[in-house]
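Here is the structure we will look at.
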Amino acid sequence: MTAYRPLDEEKAIQIAREINQLFPENAELSCREIGDGNLNLVFHITDAANGASVILKQALPYAKVVGESWPLTLDRARIESEKLMLEGKLAPGLVPVVYHYDAQLALTAMEDLSSHHIMRRGLMEGTRYPLFSEHISTFMANTLFFTSDLGMNQQDKKQLVKAFINPELCKITEDLIFDDPYTDSPNNSYDSHLEDAAAALRTDGELHLEIALLREKFLTQAQALLHGDLHTGSIFATPESTKVIDPEFAFYGPIGFDVGAVFANLLLNYAGQVHWSRDEQERAAFRTYLLRTIEEIWNAFDSKFRALWDQHGVDRMASSAPGYRELYMKRLLQDSIGFAGAKMVRRIVGLSHVADIDQIPDAAKREAAQRLALAIGTALIRRNRKANSIRDLLEIAATREDVHST
Ligand SMILES: Nc1ncnc2c1ncn2[C@@H]1O[C@H](COP(=O)(O)OP(=O)(O)O)[C@@H](O)[C@H]1O
Ligand SMILES: CSC[C@H]1O[C@H](OP(=O)(O)O)[C@H](O)[C@@H]1O
């Protein structure tokens with residue numbers, strides 16, 4: 001049995017050689033550590049002879065972004081590999097293939113997706129993804145419906161809840177999204193020009209009530225097996241293809257948390273367009289594209305989820321009680337809007353930010369993007385329980401304006 005040890009590039013090559021059938025015995029392999037996320041090591045290994053390649057992802061026993069002072073369970077590597085394999089069955093073609101999982105090394109060998117781009121980067125460069133709404137709505141409808149009490153055996157579901165208990169990673173979300181931004185937490189991090197906006201978040205009782213309710217949902221509602229961190233940095237895309245990676249935050253939670261994550265990250269890019277677009281015309285066009293994408297995602301998700309319910313629903317009461325389905329879908333929409341808002345706010349004042357905003361070099365433009373993201377995020381949080389349609393979200397985004405400080 002191999003004991004756990006963090007790999008370096010040389011050791012990663014050795015491990016790749018030991019994994020059956022990844023590479024021919026005498027292959028000349030090269031390796032680069034390419035991890036740019038907050039938590040893990042990611043090794044890209046290539047065979048010089050034919051360009052064949054593989055990704056080895058290894059969990060560290062602490063959060064990489066903070067260091068050894070923030071210990072973190074290695075079990076997240078098991079959760080990630082098992083979730084990826086389940087997603088591969090429920091949403092074929094929309095996740096990388098898992099070749100191998102090593103529990104001792106907390107390591108997953110998976111398909112190399114370097115032919116794709118991280119979607120966050122693509123959006124920052126102005127790339128459009130015409131099939132994204134189709135793909136991500138299928139991914140979410142299939143993975144969420146078939147792991148919920150609506151779409152799977154309810155006794156088996158309880159076993160899945162147990163297998164995906166993920167307390168340490170849930171605690172990160174509970175703190176970073178549903179607590180820190182609303183108090184004077186040492187985890188928070190924001191530009192000094194935002195002090196007034198950050199202070200306002202700490203004293204806004206109406207906002208705190210909505211966040212407390214969303215937090216309660218996140219803590220208690222085992223509705224479906226979530227990806228748990230479905231942001232555009234966890235999506236590889238080309239105009240033709242979409243692949244979702246990095247489900248180490250997976251657990252049984254409220255469906256709107258995944259849907260809201262997608263909305264939030266498209267809206268963070270929307271705010272960042274104050275810089276990423278070349279001129280006002282391009283900005284308006286790209287923002288229209290982003291809002292249209294959100295609308296398409298919701299509409300496609302809603303109709304695919306309902307169709308799965310029609311064809312594969314297992315819960316007699318849920319399928320037959322008059323008005324239940326309408327209420328269920330309306331609550332999903334409201335939750336998605338609320339969680340989207342919470343996820344936007346945390347990326348501006350909390351511990352971990354997004355490149356769409358942080359990599360804006362000009363301070364005045366960055367501030368405009370940050371304030372726009374906060375204005376949209378807080379408005380979504382306030383609206384969530386009153387929302388009736390995806391148009392509520394679109395109207396909120398479209399009517400908040402860029403505010404330049406200079
Ligand atoms: N299957 C893959 N194929 C190619 N590159 C990958 C793959 N998985 C991860 N990466 C690269 O590693 C980076 C970090 O991966 P990610 O899973 O997001 O790590 P973390 O869990 O630390 O956030 C990604 O942004 C991407 O550049
Ligand atoms: C200390 S973890 C902060 C943050 O990082 C995770 O993102 P990723 O794994 O994609 O880098 C997650 O969003 C956490 O909230």
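Glycine residues also receive a Cβ, built from the backbone N, Cα and C atoms like all the rest.
Nobody curates TrEMBL annotations by hand; they come from automatic prediction.
According to TrEMBL, the feature domain 'Aminoglycoside phosphotransferase' maps to 31-273. Annotated ATP binding site per TrEMBL: ASN40, LYS57, GLU111, ASP112, LEU113, ASP246, PRO247, GLU248, in sequence order. The substrate binding site annotation in TrEMBL covers ASP229, ARG346.
Feature annotations (TrEMBL) mapped to structure.
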residue	record	DSSP (3 states)
ASN40	ATP binding site	strand
LYS57	ATP binding site	strand
GLU111	ATP binding site	coil
ASP229	substrate binding site	coil
ASP246	ATP binding site	coil
ARG346	substrate binding site	helix
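On a Cα basis, ASP229 (substrate binding site) lies 14 Å away from ASN40 (ATP binding site).
Not one of the binding-site residues ASP229, PRO247, ARG346 places a Cβ under 6 Å from an atom of ligand 1. Between the CA atoms of PRO247 (ATP binding site) and ASP229 (substrate binding site) there is a gap of 7 Å. Each of the binding-site residues GLU111, ASP246 was scored by the other Cβ atoms within 10 Å of its Cβ; the lowest score goes to GLU111. Model confidence over the domain 'Aminoglycoside phosphotransferase' (31-273) stands at 98, taken as the mean pLDDT rounded to a whole number. Selection of the binding-site residues ASN40, LYS57, GLU111, ASP112, ARG346 by a Cβ distance under 6 Å from ligand 2 yields an empty set.
Sequence-distant contacts of ASP229 (substrate binding site), defined by Cβ-Cβ distance under 8 angstroms and a gap of at least six in the same chain, are THR173, ASP246, PRO247, GLU248, PHE249, ALA261. Taking CA atoms as the reference points, LYS57 (ATP binding site) and ARG346 (substrate binding site) are 26 Å apart. Long-range neighbours of ASP112 (ATP binding site) (same chain, six or more residues apart, CB within less than 8 Å of its CB): HIS44, SER53, VAL54, ILE55, PRO96. Between the C-alpha atoms of LEU113 (ATP binding site) and ARG346 (substrate binding site), the distance comes to 28 Å.
Long-range Cβ contacts of ARG346 (substrate binding site) within its own chain (separation 6+, distance under 8 Å): LEU176, ILE177, ASP180, PRO181, SER352. Of all the Cβ atoms in the protein chains shown, 19 others lie within 10 Å of the Cβ of LEU113 (ATP binding site).
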